[in-house]
């Protein structure tokens, strides 16, 4: 037993710690303006540490069961407090005592079963109060709202338990913009309960029992401008005379939402209208008519009193026995002066011709989302029907032919605006007939693929949005507004087609760019909405947006709706913020710069080659490649000469008459290779030089000023230099025929200059006594 108790205690402790941990982790998020968000944070109590800096506090969707007297003490500057769906069942008497500046309080959908006037006594600045969805039966034991003199919006009641409304419940309230009372379980309504409120702009009353309708209606006749009755079952409603003689009601609009009616109860409701001489609009939303349209208003004065009603709106009317529905002939006279009729999404497929002819004052007719086809439309638009009609809306019906629809409507002489959008036309003929005064035409979402001359030339507003158009080339001289969004256009239409165009909406097409010329070609354009297209953020587009801010001001939605689609690195960025690379924006300048740089580089390389003998190195490379095809060292049988003699033609006398005689006639004789004598006729001279040097044991250079200036001597010196460099030997012999400076030998012949710097060279003596020694030394050098 002790073990069980111990285990239970541990579980309880862990649960408690878990709750505390969750509470500790939850926190408010507040911005600099003092707006604090604590929605859905699993708070079990009002968070601590609330300060005077808070202006708005939202703690909806939490688990706060109670509000203590000190929980909100620090919020002295709070303007809005939202506690919707927070599980609150208890509020202490002075919980709101510090909230004198509070203007907005939402306590809806909690568990408050008893309301206390002390909660609201300090809230002298309150403008909005929502008490819907709490399980109270009545609005407190004492009047709740005596001190709420600034209250503008009040919502009270619930679905299940709110059962009584008393005369004192709304005491202290003199004027409200909006009052909503949800009393679907109402069992008691004291007459005069709403009379204390002198003015209510909009009263919404959820009332399921029709027994209290007359009492509510009578109490609000002198104060309510717009009465909306919701969720009412009026099948058994019966009108009995009102006790009031009030005939100057300010009521302008009467609406029924989610109400059930019968033919008989509709007749009874008409009797209420004699008390609302200023009534202009009657509306039925989501109602059910449990009848067949056999309306038989019995009093002639009803017809007279209905004369000021200008607007009748019927939306989503459900008629279970619509197949037995009458032709409405009994109410023709009721609607003769009505100017605006909307019958939307109510399965209307036919309007009798006679009914249309009785609607002599009708200027606006909306039959959207019904079942009209051309055949029955022709019956509705018969000759003499709707003589004053200016606007006709047939959106989302079953129309198939634009041509036939236009022809049917020729009977409507005053028609200026036609909406036939969301019908399945698919195609457009080349020509059509339309009423002569047409100014507005809506063909959006009809599947058309091209715009042709079928469109009337009198149009000032045209909507062809959400179709399959790839171009627009129709001339419309009077067009002021063009709506062509969600198509497949790749460019703006030609401005010459619309000389007076003011507004164009061309969102979500395939437009990639536009230019100054395009926009400036629309002389009167004040608004162009082109966001949502696939813009290529090219340099031209960006330059246009930066350089022409006045034209950019025409772009509606700029800059947030204009995003780059390409290049990929800019995708998703605003066009205004995109920054392409220099390469993309200055290609011509960049190419010119590169070309100039290349020319300068070539000139620089040429200058360096000239200065550092680059051509010589190229020739050496060529010679090296040629020499590489041959063995580095020729076999002994290939050595044909003891020495190859390189000399200038100006020194030929000394070479041929002195040196050749001394060397070739000596014992043993030397075999010399001379270019005059031994070069192979017809062979390329450079090949002769290379072969002669390679077939010679030594290369003998007769250096003189003439040698340095000789071009062919330089070639021979070049290839000899290559051999010295490549084979790393001492095959070169220098003979100075006359004194010459070492620097006269080009710097590039580093090997030969090294020889002159490190080895003794032979110098031809002018003294005849020393010349014999010279020949001996020369023979020795050749033999080595």
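Each Cβ is built from the backbone N, Cα and C atoms, and glycine gets one as well.
It should be emphasised that the depicted structure is a prediction, and the values quoted were computed from it without experimental measurement.
In Swiss-Prot this protein carries:
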type     : residues : note
DISULFID : 30-36    : disulfide bond
DISULFID : 353-382  : disulfide bond
DISULFID : 432-454  : disulfide bond
CARBOHYD : 114      : N-linked glycosylation site
CARBOHYD : 147      : N-linked glycosylation site
CARBOHYD : 414      : N-linked glycosylation site
CARBOHYD : 442      : N-linked glycosylation site
REPEAT   : 151-175  : repeat 'LRR 5'
REPEAT   : 176-199  : repeat 'LRR 6'
REPEAT   : 224-250  : repeat 'LRR 8'
REPEAT   : 338-361  : repeat 'LRR 12'
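This view paints the features noted in Swiss-Prot onto the structure.
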residue : record                      : DSSP class
30      : disulfide bond              : strand
36      : disulfide bond              : strand
114     : N-linked glycosylation site : coil
147     : N-linked glycosylation site : coil
353     : disulfide bond              : helix
382     : disulfide bond              : coil
414     : N-linked glycosylation site : coil
432     : disulfide bond              : coil
442     : N-linked glycosylation site : strand
454     : disulfide bond              : coil
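Across the repeat 'LRR 6' (176-199), the DSSP tally of helix, strand and coil residues reads 0 helix, 11 strand, 13 coil. Closest to residue 454 (disulfide bond) by Cα-Cα distance, out of the recorded positions 36, 114, 414, is 414. With a cut-off of 8 Å between Cβ atoms, the residues of this chain six or more beyond the repeat 'LRR 5' (151-175) that come close are 108, 126-140, 143-145, 181-194, 196-200, 206. In the repeat 'LRR 8' (224-250), helix, strand and coil residues by DSSP number 0 helix, 8 strand, 19 coil. Residue 432 (disulfide bond) sits 62 Å from residue 30 (disulfide bond), taking the C-alpha atoms as the reference points. Of all the glycosylation sites in the list 114, 147, 414, 442, the shortest Cα-Cα distance to residue 382 (disulfide bond) is found for 414.
Long-range neighbours of residue 442 (N-linked glycosylation site) (same chain, six or more residues apart, CB within less than 8 Å of its CB): 395, 418, 419, 420, 421, 463. Here the CA atom of residue 414 (N-linked glycosylation site) lies 18 Å from the CA atom of residue 353 (disulfide bond). Other Cβ atoms within 10 Å of the Cβ of residue 114 (N-linked glycosylation site), summed over all protein chains shown, number 14. Mean per-residue pLDDT, taken over the repeat 'LRR 8' (224-250), amounts to 86. Cβ neighbour count for residue 382 (disulfide bond): 16 (other Cβ atoms within 10 Å of its Cβ, all protein chains included). Of the recorded residues, residue 114 (N-linked glycosylation site) and residue 147 (N-linked glycosylation site) place their C-alpha atoms 19 Å from one another.
A separation of roughly 58 Å, to the nearest angstrom, links the Cα atoms of residue 414 (N-linked glycosylation site) and residue 30 (disulfide bond).
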